[in-house]
Amino acid sequence: MLQVKNLSFKYPKHQNNVLNQISFNVQDGCHLAVIGHNGSGKSTLVKLLGGFLKAKKGTIFFNDKELTSVGFNKIGILLQDPDVQLLADTLHQELIFTLENHGVLASEMDKIINEVLTVVELKDKQFTPLKKLSFGEKQRAVFACLLAVKPQIYLLDEAFSMLDNKISNKLKKFVFDTIKKQNKIVINITHDFNDLFLADEIIFLSKGSLIKKFAPEAIYEQLDLFHNHHFNLPFPLLLAHKVAKQINKKTPSLSFELNDVVNWICKHLK
């Protein structure tokens, strides 16, 4: 279990804290979505969890031990831009480089590489120059490197935001399903409202504070929260929410398809 307790952080020469006494727990096998606007503290939280920054106040524990003593190699990070994380010429070289850095014996590497390439379906691309891979293939390549070293926590920082919706949705399902089978922790930093429905738990950050923690089933009860914090709700959902308030009905748990919302409105306005 990951335990974050009273975590605060202020950058040098900044007057105010970027994070203010953030506390939350994440159980093994749980997928936590962290959502908020730019400036909400999401990026700073990523840097603290990933070991790029040191907390000035508060603690981060994993399985009842401080994360610094456990080692940040327990965390696998998937960033927005895979080119930042891929340093070798080919995926095969990248995997060898990754495994060497984690002290894996050379005699064990071929088996691990074969296993992870099978999972991410890139066996036929392992010797292709990385620069010739598509953006989605590069993200899968980074994910292969993470799978190879078996992290306990997967930290995704806007990892799918540069992909088009079709590829993004397919890659999300693949990544989240794969991690779920391992019973590992996923922390998905996002500004995409649709990601919330893929999570087990959600925390909403605003101006460095944790405003609320809730389950995906409660999203429709939190629409005022999102609306009051000027969050861009999907238009069909926003329309349903506003109409529901006007006619004193509960916002329906609908898809984001406009036709579904229009049908619901017509039914209740008859």
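The chain as shown is numbered from 1 upward.
Even glycines carry a Cβ here, placed using N, Cα and C.
Copied from Swiss-Prot, the annotated features are:
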type: BINDING; residues: Gly36, His37, Asn38, Gly39, Ser40, Gly41, Lys42, Ser43; note: ATP binding site
type: DOMAIN; residues: 1-232; note: domain 'ABC transporter'
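The binding-site residues Asn38, Ser40, Ser43 differ in how many other CB atoms lie within 10 Å of their CB, and the one with the most is Ser40. If you take every residue in the domain 'ABC transporter' (1-232) and average the pLDDT, you get 90.
Note: Lys42 (ATP binding site) has non-local neighbours Val34, Ile35, Gly36, Asp157, Ile189, His191, Leu205, i.e. same-chain residues 6+ apart with C-beta under 8 A of its own C-beta. Ranked by Cβ neighbours within 10 A across all protein chains shown, the binding-site residues Gly36, His37, Gly39 are led by Gly36.
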